[in-house]
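TrEMBL has this to say about the protein:
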- 12-341: domain 'UvrD-like helicase ATP-binding' (DOMAIN)
- ALA33, GLY34, ALA35, GLY36, SER37, GLY38, LYS39, THR40: ATP binding site (BINDING)
- 342-631: domain 'UvrD-like helicase C-terminal' (DOMAIN)
Amino acid sequence: MATNKRGGIELSEEQLCIVDHVLGSDNITVVSAGAGSGKTRVMVATVLHLVDTFRQTTSIDDFALITFTNKATDEMRMRLEEGVDHLVRLSESTGNETERNFWLKQKERLSSTFIGTIHSFCSMMLRTFGYQENVPHESEILIARRHLLAALDETMNYAVTDPVMQVLFRSDLIPWAIHEMRGKVEEWYERIRGNGRQIEVIYQETLNQPHDEGRPYRVAVATILLHLDQNYRKVKDSLGGLDSNDLLHKAASMMKSQGDIIAPLLGSRFQYLFVDEFQDTDRLQKAIVDQLINHLKHVLVVGDRKQAIYGFRGADDSIIKQMADEHKVPMLSLNASRRPTKPLNEAQAALFRNMGSRYSVMQEVLITPAEAHVPNDKLVPFEYNHVFSKDRTEWVKESVDKVKEYLQESIDVPREGERPVQYKDMCVLFRSNQQLIEYEEQFSKLAPEIPLVTDISGGFFRKREIVNCYYMLQAIVKYRDDVSLDLALGTPFLPFRAPVHIYRQTDSDSPLCDWLEHTPECAEWLKGIRDFRRRIKIDLVPHLLTQMYEFTRIREYYALQNNAQAIANLEKLIMWSREQMNAEALTLQQFFERFQNALLTGQTMDEADVGDEDTTGKNAVRFSTVHAAKGLEFPIVIIPGIQRPLLNDDQQPIFFDIEEDNWGLDLCLPGRKGASHRYQEWIEKYKANHLEEEARIFYVAVTRAQQVVCLISGGEKLKVNIVDSDKWSWKDEVLSASSELSRLGTDRVRLPQI
């Protein structure tokens, strides 16, 4: 009798098709999996079913499972463990000792099963076969950003006086500061390497461009990038290490030159290769997979072009379709989304169908499964509110009001039943880190009683407590400078506000400092500032920071807020200062400049680890970017700021690395310097691709919701803009679908009146 189980896991008909195709004659299966369609469940079921079916020749550690993030790696391993444990318990319940022993053996072997990111897979390959590319077996993987920054410092110091590159530092030609140029060079270098391009090739292509007024600037940038690449290689060679980009380049190069030797060896170690999130793969990663296909029993790649949101890293959403076409296999689909409730699924489908008329990638619409949950609560599944005001504070207040409104409601959750809405049910999603940071600050001022947790990967130096710490340190270092003091006033480090009339005084050079010195409530803080300044030349920076924390009582402030993350981040700042001191003896002024540079250039460093506390379980509203929330789900998702124009001139790139016609670099630096006659051509192509990528990002944002999506926009007027206009926004994607959405009824969809 036919069963809907594979590997002991219950599957739907379309999920069964995937598992059964892997068991078929083709050696590759390509799957397009919509949001919430159960792709991880299918991959786990496929592994367990193959192990069960071919138990004489296949064990669980014959699989290599490649995920997109470390978090996804942990989830995949956990789900496999749960699957094996279920089969162990099942065999125990039937008294089948042979079956029990078989699955217990698989459980033991699970620890040696490769489950990891493409970078960890390449690292494993290079450690095993790296001698083919002259990579020492003991090579270290360098993840510390300071190695790149050291090379960048050396490059910038040389570039300022180099006759070719110094044109970039002439303020009469390009109106920007040196630290801005430094940040851009680093950003461009990382982008080129992320795209899998060779700096030497781009340099030569740029040199071959026809002569015009902008060519000296393009050649100067190409030259500075080449010098940075050469200096960075020297640093890595001296340390005997590689960085994460080198892993992919070296592994791809090794497979290209020695694939006939290495691929069979990998084929003897692994029988199956499964790759998740294949829509976020770049051509380097595809080349590695291509080399392995003929040496493995089967390759399974799973992805969703609608969720391809990493184009800025070189990911190519067309690769998954190309994979199916090249191997002449059908692209199987998982379109039944089990994440949202039935009413929300229907609203999402109406929105995406309309978007499909503009973007071909959106034409594969999510299907509502028959068993989808129909909640018995009063929440409106799809809601869009517009604030008719130019005041940004009013826009944020709308989000605060919605959070408070939801807290008064009940929610009917599958397998839980109806219960009150909690803070942790809600996630507020943002398009960018900067938008999140600005919004969080205003939100916290308007509703300090609402607990928040934020997801900003690598965003240590963007955290509010770290920025405020910088303001306080600046106020102390530059004391009696009113501008610096004003930035610190009103922060938790200096929780006072001067009366308005103080700012109007003209009889003093420093009226704010005068006010601070004559205000009794500020006396303890003033004493702390003076004591700190007296000890600047005596104490080391870590001790000075500790002293500042003590007299400002900043740790006590965050303890009262139950904000363990902020306290941990402040302690990490002390540790970071200690690391800087260990590397070179810094004065407080030198450390302050280093701190300032980290903030100005957006230096990436992860937040402090707060131990075993899982912030996803903390009862707090989550603030996250869409990219950080990918793969996650929340009962209620709020997406503010959807009126943000997608094609603003301010948001257009000033730098292009063009493979087409082997063109090389093109630029439009401040003052419109560096643009070639083809620059506008690249801009038009960018606009078309950018709108589609923004549509995919919006899709990912909306599909994070399980029960409710609440969209918020602001502005004096509300109207639908023209597609491709510089005003087109996510708001317009929704308003364009208003007729389809309205047909679902006001109990399911609530839209503003246009």
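For all residues, glycine too, the Cβ spot is worked out from N, Cα and C.
No curator has checked TrEMBL annotations; they are predicted automatically.
Structure coloured by features recorded in TrEMBL.
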residue	record	Cβ within 10 Å
ALA33	ATP binding site	29
GLY34	ATP binding site	23
ALA35	ATP binding site	24
GLY36	ATP binding site	20
SER37	ATP binding site	26
GLY38	ATP binding site	23
LYS39	ATP binding site	21
THR40	ATP binding site	18
Study note, to complete from the structure: Over the domain 'UvrD-like helicase ATP-binding' (12-341) the mean pLDDT stands at 84
Practice item. Look up GLY36 (ATP binding site) in the DSSP assignment and reduce it to helix, strand or coil. Key: coil
Review point. Near the ATP site, what residues other than ALA33, GLY34, ALA35, GLY36, SER37, GLY38, LYS39, THR40 in the same chain have a C-beta no further than 8 Å from the centroid of the listed C-beta atoms?
Key: ASP304, LEU334, SER337, ARG338, ARG339
